[in-house]
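Engineer: As annotated in TrEMBL:
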- 30-304: domain 'Sugar phosphate transporter' (DOMAIN)
- 46-68: transmembrane segment (TRANSMEM)
- 80-103: transmembrane segment (TRANSMEM)
- 140-157: transmembrane segment (TRANSMEM)
- 231-252: transmembrane segment (TRANSMEM)
- 264-281: transmembrane segment (TRANSMEM)
- 287-306: transmembrane segment (TRANSMEM)
Amino acid sequence: MRSEEKIMEGEKKPSALSDVGAWAMNVISSVGIIMANKQLMSPNGYAFSFATTLTGFHFAVTALVGMVSNATGYSSSKHVPLWELLWFSIVANMSITGMNLSLMLNSVGFYQISKLSMIPVVCLMEWILHNKRYSREVKLSVVVVVIGVGVCTVTDVKVNAKGFLCACIAVLSTSLQQISIGSLQKKYSIGSFELLSKTAPIQALSLLLLGPFIDYYLTGKSIANYKMSSAATIFIILSCSLAVFCNVSQYLCIGRFSAVSFQVLGHMKTVCVLTLGWLLFDSQLTFKNIMGMIIAIIGMIIYSWAMEIEKQSNTKITPHSKNSLTEEELRLLQEGVEKTAAKDIELGESKG
């Protein structure tokens, strides 16, 4: 028994370690890409203000990495219907475009509120689509995180009809995209990197074709007129490299956990960005920001505690439920008994 327990503990540790690794990769790459893009896109930096086209570059590099991985045999390719991949890519691109339009048409304060609303929207969608229910502790922690990040980031709140519509499209499409990542992985038993390598080429092609027009509408500037410098090229390559890790880790995290967990713990990135902005870019960090970050971190701690309680309660329920055979197991067992009995009769007749 002791040896079995040691084996089970050894199996759990790598899983827990890989979970932490996936979160760490997502947080580090996300914060890194924000810092790189800030230097690349800001007027004080290299003024490359073509966000949608840049996202197209990100997915193009991700698609290239996926193709090389498949060609070298590092990853296998499972079948996923083309219509599902196209549907997912459309939703994902609507999320990217909607977020960019929301940021342009609304104030930063309302943009942050729309991002915060994704947590309750994801919860509602998972309840509608997958009949998923949440404990009181999880709901409480979500509220605390939303309040904390809201205190951190929300300042002036101005909205108009167009901006509100774009924000609604962005929130709904982003929430649906994140839920779809997990459901597609389970439905087709496909790994996170495999799914990403299938969707990235479609997203890259569509964003690179439509991106320059969307960016022109958003900024009034044409990418054809941008004077590319060697320093800007280096930062674009850096941004694309970080995007590969960011995309892979996002699919890994949602595949391992849930869209809600990804949203809640993802707000740790907001705290990191504010802190790094203060350390590296001399951004102001007020008492309001600090209090908001403390509240958000408390909410994340409560959320982790609540999820641990749910895991323990599920572990206690599982052994009891497995004592009774499912209908499928009973049917297979019955078929096995009938086949064994038939073989015994045949053997008995041949002996006689």
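Every residue, even glycine, has its Cβ placed from backbone N, Cα and C.
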Engineer: Can you work out which residues elsewhere in the same chain, 6+ from the ends of the transmembrane segment (46-68), have a Cβ less than 8 Å from its Cβ atoms?
Structural biologist: 37, 39-40, 75, 96-97, 100, 193, 196-198, 200-201, 203-204, 207-208, 210-212, 214-215, 218-219, 221, 223, 226, 229, 231-232, 235-236, 239-241, 243-244, 247-248
Engineer: Cβ under 8 Å to the transmembrane segment (231-252), counting only same-chain residues 6 or more beyond its ends: which ones?
Structural biologist: 22-23, 25-26, 28-30, 32-33, 36-37, 39-40, 45-46, 48, 54, 57-62, 65, 181, 185, 192-193, 195-196, 200, 262
